[in-house]
Amino acid sequence: MANSLLERLPKDPTSLVGIIVALVAVLAGAAYFFRSSKKRKSKGSLDTETWRSFRLVKRTQLSHNVVKFRFALPTPHSVLGLPIGQHISCLGQDKGGEEVIKPYTPTTLDSDIGFFELVIKIYPYGRMSHHFSKLQVGDSLSVRGPKGRFLYRPGAVKALGMLAGGTGLTPMFQVSRAVLENPKDSTKIYLIYANVTYEDILLKEELDNFHRKYPGRFSVHYVLEKPPNDWEGSVGYISKELIQSFCPAPSPDIQMLRCGPPMMNKAMQAHLDALGYSKETQFQF
């Protein structure tokens, strides 16, 4: 067999060298393809079916009931692999030891290498809040994902109107970061953010910084139910009139996003319907 193969090889040294060079090129290409495929398959630290554990490396108290948790990814060069505007499911235990699963949207992007962050509001009687309140540096959180239907495409619309309430800010914040930090995306963002008190406003410093850093591209308007005496924003709830005066007018090339408590989402949908925003241009996280 070996002799038969040798007999078929060309006797001309030049031809033989050419075959060897071609063979080396094919093998190198195959090796590159294998490495690239392996790299593509390993991109991202999440799994949609399996719970994966991430270690808490930093815990920052932002206010009396809001905490920012930073979790390490498998390596310093890893990315979470979460599509913009989508969320993860977190697994925990409530006060009675029963299993709890709740969705959360990280405030970080895949441009944040080696870690991801969650900004969590700790409610006194919240089942998942109990789990997060007990998490200390060195502990691990079980996560699964990605989850969600939102698809971000740079420049897909001219403007985004955002209606957020309470912790419903987190997906809006993530989308805003992605849009504003992408030099190829000129989408304008108009965020109306409602809370009960001034202390309830999440990431206010970061939002105000967006407004200063990206003038003409990011605008934010705050609404408080119980404002302080020197409050300059709106008072009460997000009204149909406020949406009409602040957000982009109904058009096929804009999108209106909403995220908040169930009653708020229902009211915002009614406002948007009444103002003439089509179902196709509305999205609820």
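Note: Cβ is positioned from N, Cα and C throughout, glycine not excepted.
Annotated in TrEMBL:
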- PRO103, TYR104, VAL119, LYS121, MET128, SER129, THR170: FAD binding site (BINDING)
- 49-153: domain 'FAD-binding FR-type' (DOMAIN)
- 15-34: transmembrane segment (TRANSMEM)
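Structural mapping of features recorded in TrEMBL.
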residue : record           : Cβ contacts under 8 Å, 6 or more apart
PRO103  : FAD binding site : HIS87, ILE88, SER89, CYS90, LYS147
TYR104  : FAD binding site : HIS87, ILE88, CYS90, LEU118, ILE120, THR170
VAL119  : FAD binding site : LEU62, VAL66, VAL67, LYS68, PHE69, THR107, THR167, THR170, LEU202, LEU203
LYS121  : FAD binding site : ASN65, VAL66, SER129, GLY166, THR167, ASP200, LEU202
MET128  : FAD binding site : CYS90, GLY92, ASP94, VAL100, LYS102
Shell list (FAD; ref centroid = CB of PRO103, TYR104, VAL119, LYS121, MET128, SER129, THR170; cutoff 8 A): CYS90, LYS102, LEU118, ILE120, PHE132, THR167
Count of other CB atoms lying within 10 Å of the CB belonging to THR170 (FAD binding site): 23
For SER129 (FAD binding site), the number of other Cβ atoms found within 10 Å of its own Cβ: 21
Segment confidence, the domain 'FAD-binding FR-type' (49-153), expressed as mean pLDDT: 96
